[in-house]
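Asker: If you scroll down you'll find the structure; I have some questions about it.
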Amino acid sequence: MFEQPIPTLRRDGDTLVILDQTALPFRTETISLRSLNDAAHAIRSMQVRGAPLIGATAAHGVALALVQDGAGDQSLRHALQVLGATRPTAVNLHWALARMARVLHPLTPAARVHAAWAEAEAIRADDAASCDAIGRHGLALIAAIAARRPGPVRVMTHCNAGWLATCGAGTALAPIYAAQAAGIEVEVFVSETRPRNQGLLSAWELRAAGVAHTLIADNAAGLLLMRAEVDLVITGADRVAANGDTANKVGTYLKALAARAAELPFYIAAPHSTLEFSCANGASIPIENRDAEEVRLIRGMNADGGDGDLRLVPTETQVLNPAFDITPANLITGIITERGTAPAAGLAGLYPEAV
Ligand SMILES: CSC[C@H]1O[C@H](OP(=O)(O)O)[C@H](O)[C@@H]1O
C-alpha cells in the first residue's frame, strides 16, 4: 500500500487535519477542520482539491457537522446540502455524500456520529486501495512500452492527479509511482495547468519522490506530442459518464486532441467514485466556473522566499474561468480503473452491477 509522504487528510479526535494545498508548493502547512463550515470552505477554496480527496473530505465534513451541530435529521440534511453545494463537477463529492446519507439517515441520532466517522474512514480506505489498484493496472501500460524499446517511458500528464488529489497514491500518477517501484525508468512531462497551476503540485510531488520530470507551459504540450516526444498521456478525471465522456481539468481536451492528431495513446485514470453511470454523456456534466481573480492573478515565490499573488491584469479585465472541460470518449484510448483498463465506451464491462 502506497504511503502518502504527508497525509492529505487525517482524523484527529473530533477534528480533521488536512494538508493545505493553497500553500503548496511554497509552504507545507496543515489545517485542523473543526466544523461543517471549515470543511465546506476547505473544499470551495481548494485547500483540499482533487476529485477523490474532495469526496473523502466531504464525508468527514458530515461527521464534523454532527459532532458540532447535533446529529438530528435537520442537522444531517443541512450538512449534506452545504457540502453538496461546494463544487459541482467532481462526482466523487456527490457520491461520497450519497453514501453517507444512505448509512446515516436510517440510524437514530445517537448512533450517527460514530457511524459517520466509520463510513468516512471507509471511504478514505476505499480510495487508497483504488489508487493502488489503478497504479498496478496503469503499470502494465508503462511496462509494455518499456519492453518495446530502451530508455525512459515518457508520460505526459495534466493538472495534479497524484497522491495530493486522493487518499492514496493518486490516479494518473499512481502508475508512475508503481513503475518507479518496479524499477522501470519513467520521465513525466508536467503541464503548469493555468490558472491554479496544479501542475506545480505534480512537480513538487515528483521531485520529492525522485521521479524525473519536466515542467512545461500548457501551450507547449502540442509541440511535444506532435514531435512524438511523449509515449502516452495519462490524466485524472472529475466525472466519467456512462459513454466514457470525461470531465477533467480545463486543458485536458486540448491534450486529447493533440494526442489523437499525433496518434499517441491518451488514458484517463479514475476510481469507481469518479464514474457516474447514471450520467449518459458529457453534455450533462456541470462545469464549474470559478472566480475571475484566479485568472487575473498568479501565485509565486518572491526573491526572499515568501509567496504571494501578482496581478497580471486590472480587475476591470473581463475573464471567463471554466475549471474543467469535457473530453469525448472517442478521443480516449482507455480508462484505467481499480478493476482494470477498459476502452472509454466499454466501462460497463468492468462494472456490470452499475448498469
Ligand atoms: C485525481 S484528481 C482528479 C482531478 O481533480 C482536479 O481538479 P481540482 O484541482 O480543481 O480539484 C483535476 O481536475 C484532476 O485531474
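From the backbone N, Cα and C atoms, a Cβ is placed for every residue, glycine too.
Here TrEMBL flags Arg49, Gly50, Ala51, Arg87, Gln198, Asn248, Lys249 as substrate binding site. Under the heading site 'Transition state stabilizer', TrEMBL lists Cys159. Among the features that TrEMBL reports, active site, proton donor is placed at Asp238.
Show me how these features fit into the structure around them.
Answerer: Classification of Asn248 (substrate binding site) by DSSP places it within a strand.
Under the DSSP three-state reduction, Cys159 (site 'Transition state stabilizer') is assigned to coil, being neither helix nor strand.
Shown in sequence order, Ala51, Thr89, Ala90, Val91, Asn92, Ala247, Asn248, Lys249, Thr274, Phe324 are the residues of the chain, 6+ apart in sequence, with a C-beta less than 8 angstroms from the C-beta of Asp238 (active site, proton donor).
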Asker: Just checking: which of the binding-site residues Gly50, Arg87, Asn248 have a C-beta under 6 Å from ligand 1?
Answerer: Gly50, Asn248
Asker: C-alpha of Gly50 (substrate binding site) to C-alpha of Cys159 (site 'Transition state stabilizer'): distance in Å?
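Answerer: For Gly50 (substrate binding site) versus Cys159 (site 'Transition state stabilizer'), the Cα atoms are 10 Å apart.
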Asker: Which has the fewest other Cβ atoms within 10 Å: Arg49, Gly50, Lys249, the binding-site residues listed?
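Answerer: Across Arg49, Gly50, Lys249, these binding-site residues, the one with fewest Cβ atoms within 10 Å is Arg49.
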Asker: Write out the long-range same-chain contacts of Gln198 (substrate binding site), meaning residues 6 or more apart in sequence whose Cβ is under 8 Å from its Cβ.
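Answerer: Expected: Arg49, Cys159, Asn160, Lys249.
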